[in-house]
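Student: Below are the features I grabbed from Swiss-Prot:
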BINDING   H22, R48, E339  substrate binding site
BINDING   D214, E241, E269  Mg(2+) binding site
SITE      D292  site 'Increases basicity of active site His'
ACT_SITE  H319  active site, proton acceptor
SITE      E339  site 'Transition state stabilizer'
Amino acid sequence: MGMPFIKHVRAFTVRGGGADYHDQGGGHWIDDHIATPMSKYPEYRQSRQSFGINVLGTLVVEIEASDGTVGFSVTTGGDLGCFIVEKHLARFLEGARVTDIEKMWDQMYSATLYYGRKGIVINTISGVDLALWDLLAKIRKEPVHALLGGPVRDELIFYATGARPDLARQMGFIGGKMPLHHAPAEREEGLAKNLDMIGDMRSKVGKDFWLMLDCWMSLDVEYATRLATAARNEHGLKWIEEALSPDDYWGYAELRRNVPRGMLVTTGEHEATRWGFRLLLEMGCCDIIQPDVGWCGGITELIKISNLADAHGKLVVPHGSSVYSYHFVITRQNSPFAEFLMMAPKADEVVPMFNPQLLDEPVPVNGRIKASALDAPGFGVRLNPDIALHRPYPRQAA
């Protein structure tokens with residue numbers, strides 16, 4: 001019996017946390033005076049939700065095969081992503097063999113070049129691609145990582161992103177990455193507060209625990225150089241992440257030349273496709289690239305990005321993304337550790353990143369996840385049936 005074909009594609013929106021992890025209630029650390037490109041405007045400085053960071057919502061993509069198997073994924077994209085899936089991308093999927101993932105990716109990308117390339121369109125293509133890998137692996141009754149060549153290590157080790165690296169150390173993580181709170185618009189006083197925060201956290205975690213700083217595209221080269229130099233020399237900061245606009249490749253190259261020896265410059269969370277990462281790598285912009293598999297083009301594109309980085313001798317440490325990253329990282333020698341996003345409001349406990357949208361999502365125990373915890377078919381997670389799905393652009397089955 002041959003491989004089934006794709007029978008139908010469906011796209012839904014969901015509100016409230018999950019894949020759009022910024023869509024949280026009040027009092028969550030992830031929305032507490034964090035430096036952003038909008039920090040130059042005082043009225044948008046205190047809360048990231050104030051400028052609309054959570055407007056997209058979650059995109060859920062379901063792909064049903066002719067044998068009844070359903071693959072799915074979640075990413076950011078919301079109503080806009082649903083429109084792109086149902087009105088444009090579905091034509092390249094329905095009727096295709098489930099194994100033709102490379103061809104489907106190329107058709108989706110090529111057909112959207114005139115309005116896509118990055119942003120919401122690549123987010124959406126990423127979501128479709130992840131659902132295709134989930135579907136194929138379920139049909140083959142294998143985990144996605146088996147389709148990618150299998151594990152190269154027995155467990156994943158994690159650093160934690162959140163407001164409390166001191167608690168992350170107690171939970172067994174290898175390091176902690178904090179959000180930057182004050183942007184250049186807050187002048188010297190803000191810079192001093194940033195350095196005080198890093199110094200205070202260093203005193204709590206000790207000298208051997210990794211401390212990193214997530215700047216979320218909020219700085220300029222001069223400020224980032226001053227911050228990185230002082231934080232490295234005074235407090236042993238391991239890396240400075242996404243300090244500049246993702247479009248400023250020249251600035252990243254300059255920043256990397258400027259920082260102290262041993263200080264790492266990392267970026268790539270908001271970069272997309274092999275062509276974007278080619279610029280980062282060839283221009284010497286960073287030491288570690290951090291593609292988000294739900295935003296950079298999916299697994300199909302992340303394979304190419306990772307191979308490109310490997311040829312340049314650079315590490316790939318994907319941004320967040322839970323199981324969608326785990327199944328990839330466990331198969332790659334140049335991805336020696338992974339990120340875990342602390343989604344508890346106070347960053348004081350380990351909870352699933354995509355809660356409440358996904359069920360059976362594994363979480364680190366003592367900062368680790370065994371490879372065997374990823375052995376269920378597909379990505380090993382289920383969509384929570386209690387979540388209210390909305391399909392804004394329904395179609396008849398092909």
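Glycine residues also receive a Cβ, built from the backbone N, Cα and C atoms like all the rest.
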Student: Give the distance between the Cα atoms of D292 (site 'Increases basicity of active site His') and H319 (active site, proton acceptor), rounded to the nearest whole Å.
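Tutor: Spelling it out, the Cα of D292 (site 'Increases basicity of active site His') and the Cα of H319 (active site, proton acceptor) are 5 Å apart.
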Student: Name the residues of the same chain, 6+ apart in sequence, whose Cβ is under 8 Å from the Cβ of H22 (substrate binding site)?
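Tutor: Sequence-distant Cβ neighbours: I30, D31, R48, Q49, I53, N54.
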Student: Within 10 Å of the Cβ of E269 (Mg(2+) binding site), how many other Cβ atoms can you find? Include all protein chains, please.
Tutor: 21
Student: E339 (substrate binding site): which of the binding-site residues D214, E241, E269 have a C-alpha within 10 angstroms of it?
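Tutor: Checking each Cα against E339 (substrate binding site), there are no hits.
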Student: Can you tell which of the binding-site residues D214, E241, E269 lies nearest to H319 (active site, proton acceptor) in space, using Cα positions?
Tutor: E269
Student: With Cβ-Cβ distance below 8 Å and at least 6 positions apart along the chain, what are the contacts of E241 (Mg(2+) binding site)? List them in sequence order.
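Tutor: Non-local contacts for E241 (Mg(2+) binding site): K177, M212, L213, D214, C215, T266, T267, E269, Q290.
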Student: Pick the one among the recorded positions R48, H319 whose Cβ has the fewest other Cβ atoms within 10 Å in this structure.
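Tutor: R48, out of the recorded positions R48, H319, has the fewest neighbouring Cβ atoms within 10 Å.
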Student: Within 10 Å of the Cβ of E339 (substrate binding site), how many other Cβ atoms can you find? Include all protein chains, please.
Tutor: 24
Student: Largest pairwise Cα distance, Å, within the listed substrate binders H22, R48, E339?
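Tutor: Taking every pair of listed residues, the largest Cα separation comes to 21 Å.
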